[in-house]
Structure formats: structure tokens, C-alpha cells
Amino acid sequence: MSVDLSSATEGDLRELAARGAASLEGASARELLQWTEETFGSGASEGTGYRNSFIVASNMQDGVLVHLAAQVHPGVDVLFLDTGYHFAETIGTRDAVEQVYGVNVINARAEASVAEQDAAEGKDLFAREPNRCCALRKVAPLKKTLAGYKAWVTGIRRVEAPTRANAPLISFDDAFGLVKINPIAAWSDEDMQSYIDEHSILVNPLVDEGYPSIGCAPCTSKPAPGSDPRSGRWAGQAKTECGLHAS
């Protein structure tokens, strides 16, 4: 199916996602990213006025997904949600990933600074209303940034949490209105470590300190040994996702 991305409708994107999902079930991460490049990248942009119509999202826990994507699209756009609450180690990893892998990091930020949010909402909104804090500092900036693209690539994996156990490889993202590709959804922790070792991938130093899932500093703690890797996120609260991923 050939689609002029500059005028693609939601229906066109839904059909692209459905066709991709049907033809690429069981495909490797490389094959999924190659399809993404051919469908939404520079290989699909001739005559459409569109370039870089997909973006890769990374929380900078490691550089695996960015490294994979840069192999098929050098200089690819990489989305980082700069919430204002990140660990210094995460910011350092972001800067290193951009330099080492030669990608274009786009820092998506909330309309208000942390200080402005404190003044408007009260100090430490994350502790009182974590869902609202995520909506303001993650979901809204993400939605605004994704509006400029036709597809986004994420690093969610099925083994990370029960809420992600059925994550598809390719789907239409109803929440943000574009195609969503999860090329490493089927990867195990062993697959990740093998790729990191084989390619000397950059890893956030906090991983070696016992943080298997890294988010904003105030809302991230070390999970108990053997527990859900994401159980250290918003520990003690009835919250397991920040609102970015329905699956």
C-alpha cells in the first residue's frame, strides 16, 4: 500500500498499521524498524514533502532502541520527555546517546517549569496527584510533539509488567492518532543484555545500582528483589503507568 504521507488520513494510517501487523507478526526488531523506515522514513518521502515522519521515544534507561533505529535511519529523531524531575544520570545518558549515536534528540517539555507548576498547583504535585503531574509533564508534551509525525517507535516490552504483556508489534495508537511500533516488545531481559554486551550499548548508571525501571526521580525507587521491575515506580500508590502507553 502506497500512501502520500503528507495527506494521509487516520483511515490510511489505520490500514498501514493493520497491514504491517499482519505481515510482520514474529518479525525481528531490525525487520520492524526497516519496515518503519520504508513506510514512514526518508525511503517513503520522495515527492511527498515529508521527511522523518516517525520518531523514536526513549526514556534513556539504555541506548538499545536508539542504536537499533540509528542503523536503519542515521540521525533519526529521538523523543525524550524532559519532565524537569529526572535523575542527573538520566540526563547524562541522554546527552551521551545523542553524541555517540549521532541522533537528533528532541526534548519535549511541559508548558510550565517545575517552579511555575508548584506555584499554580501546589508544591510536589507528583506526591499528591501523580496522574495529574504525569498528564501535565509527560502526556501533554508527548501529544504536542507526536502531532508532527505519522508514527512513533517505543521500547516497551511484554515482560516489563502485566499491563504490557499483550503489547502488539504494530498498531494504531488511538490516544495519539498515529501508528505505533514496538520493535522489541517480544525481547526478554536476556535478549536485552545480550544486545547490550554485543554492541557495547550505553546504559544508564542507575541500572547497575538496582533500578530496573527508571522514571522521574521523586517517583522512582528500587523494587524488592524478584518483584515486578516496574513496582519501584510510584511505589505505594495505585499507579503503574504514566499514561503514555495503553499497550
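Sequential numbering from 1, following the chain as shown.
Placement of Cβ uses the backbone N, Cα and C atoms for every residue, glycine included.
Record features, source Swiss-Prot:
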| type | residues | note |
| --- | --- | --- |
| ACT_SITE | C242 | active site, nucleophile |
| BINDING | C133, C134, C216, C219 | [4Fe-4S] cluster binding site |
| REGION | 222-247 | region 'Disordered' |
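For C216 ([4Fe-4S] cluster binding site), the Cβ neighbour count at a 10 Å cut-off comes to 23, with all displayed protein chains included. It is C219, among the binding-site residues C133, C219, whose Cβ has the fewest other Cβ atoms within 10 Å in the structure shown.
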